[in-house]
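S.K.: The structure under discussion is supplied below as structure tokens; questions concerning it will follow.
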Amino acid sequence: MAFDDLRSFLQALDDHGQLLKISEEVNAEPDLAAAANATGRIGDGAPALWFDNIRGFTDARVAMNTIGSWQNHAISLGLPPNTPVKKQIDEFIRRWDNFPIAPERRANPAWAQNTVDGDEINLFDILPLFRLNDGDGGFYLDKACVVSRDPLDPDNFGKQNVGIYRMEVKGKRKLGLQPVPMHDIALHLHKAEERGEDLPIAITLGNDPIITLMGATPLKYDQSEYEMAGALRESPYPIATAPLTGFDVPWGSEVILEGVIESRKREIEGPFGEFTGHYSGGRNMTVVRIDKVSYRTRPIFESLYLGMPWTEIDYLMGPATCVPLYQQLKAEFPEVQAVNAMYTHGLLAIISTKKRYGGFARAVGLRAMTTPHGLGYVKMVIMVDEDVDPFNLPQVMWALSSKVNPAGDLVQLPNMSVLELDPGSSPAGITDKLIIDATTPVAPDNRGHYSQPVVDLPETKAWAEKLTAMLAARK
């Protein structure tokens, strides 16, 4: 099932028993964020949360943790809630091959029901804003998709970017936005500022789950998130035209903010509790001026709790990081078998591969660090043999324990790029990177004395299936 908006997704979650509606009156702070934080601490099957009785707000409706469990992630893809994680990733890979699917342009989006312009805009009246962590420097929009275009090639649909970037609400119509240098919006901004121009943007809030997943997926610069969203949902993705910028935005969004990133203007933004589980400090960041707001009557506001993993962002970004990294590596190295980059947005990646010759696994690890995502994120790579499942951590630990000799299997690369939010980088944005080669050496590499590995007996698979069926029959 393809969801055209957030509301139909919430209904599906409710139908599957994966939406908890909190009827009691709650405080915006700390209850909303604390409840979302708690979903990551109660184990498997954490539900989405719905709040509509929030002290101090009139008619506020807030959804949290909508993709914050593997069950919810499966539902977002139209899969049964009990679909195993590896099968969800395999399905993501299968659908990826459908790219591109052209979007469907629709008229009469619900977000056009109400509009506010210019100095009449007051985001504090329109949005039920609250802090997510007690050390945050202000209110944040952290699950919105930001649409921007290449100023030098504005009609190139593929170069129109849809990405998720945190934004601090700093005034009635002013935001602070962090454009990470490795992301497409930073390239768009750089081109605009070289010309002395503001960068027009459209910000979409309360989105369907597929475009949210796409906003967190590191595609190539000229790959369209809308065309990939169509591939992932297996039907054309619905878009509409934003009235001020003329940009393509999701047809089903709850709220559309349009304005500009003001050229060469910077102000202190932050701190903010980040996906790394640490606060990013206050830094000079770009300033956004909002010139037009369009919104549904009684819009649903959605926010994303971030903190020490796992939280919703880890479910959101995990498969969305594994799959493009796998596809980009597989295109150049067919020997690559699987990529697990689910941990902290791929700051650590585990890659299994066959080997053509000695040193081959390290070459794959190096390439992972220079993919579009790897330049800013992949800080450590663990390379394992093709018979090791990178999603099976006991197998990975076995490979590390039995195959790694620190004398020759650690490859340290000094002074490499990483996103500034990496708390271990020094200075911010610069780090050493590490490849751990936990593969069995092959010629001409003759280090170690590896005998033939012990493998499962031929009958093991059949017995595993038989025992699983017997256990299921007892329940």
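Cβ atoms here come from the backbone N, Cα and C positions, even for glycine.
Found this in Swiss-Prot, in case it helps:
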type: BINDING; residues: ASN161, HIS183, GLU225; note: Mn(2+) binding site
type: BINDING; residues: ASN161, VAL162, GLY163, ILE164, TYR165, ARG166, MET182, HIS183; note: prenylated FMN binding site
type: ACT_SITE; residues: GLU274; note: active site, proton donor
S.K.: Measure from the CA atom of ILE164 (prenylated FMN binding site) to the CA atom of GLU225 (Mn(2+) binding site) and give the result in Å, rounded to a whole number.
M.R.: 12
S.K.: Mind giving me a neighbour count for ARG166 (prenylated FMN binding site)? Other Cβ atoms within 10 Å of its Cβ, every protein chain shown.
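M.R.: Here the count is 25.
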S.K.: When you measure from the Cβ of ILE164 (prenylated FMN binding site), how many other Cβ atoms are you left with inside 10 Å?
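M.R.: Around ILE164 (prenylated FMN binding site), other Cβ atoms within 10 Å: 24.
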S.K.: Find the longest CA to CA distance in the recorded prenylated FMN-binding set ASN161, VAL162, GLY163, ILE164, TYR165, ARG166, MET182, HIS183; express it in Å as a whole number.
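M.R.: 15 Å is the greatest Cα spacing among the residues binding prenylated FMN.
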S.K.: How many whole Å apart are the CA atoms of ILE164 (prenylated FMN binding site) and GLU274 (active site, proton donor)?
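M.R.: Between the Cα atoms of ILE164 (prenylated FMN binding site) and GLU274 (active site, proton donor), the distance comes to 13 Å.
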S.K.: Is any of the recorded positions GLY163, ARG166, GLU274 within 10 Å of HIS183 (Mn(2+) binding site) (Cα-Cα), and if so, which, in sequence order?
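M.R.: Matched recorded positions: GLY163, sequence order.
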S.K.: With every protein chain in view, what's the tally of Cβ atoms within 10 Å of the Cβ of GLU225 (Mn(2+) binding site), excluding that atom itself?
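M.R.: Step by step: centre on the Cβ of GLU225 (Mn(2+) binding site), count other Cβ atoms within 10 Å, giving 26.
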S.K.: I'd like to know which of these binding-site residues, VAL162, MET182, is least surrounded, judged by other CB atoms within 10 A.
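M.R.: Fewest other Cβ atoms within 10 Å, among the binding-site residues VAL162, MET182, is found for MET182.
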S.K.: How many other Cβ atoms are found within 10 Å of the Cβ atom of the residue listed as 'active site, proton donor', counting all protein chains shown?
M.R.: 23
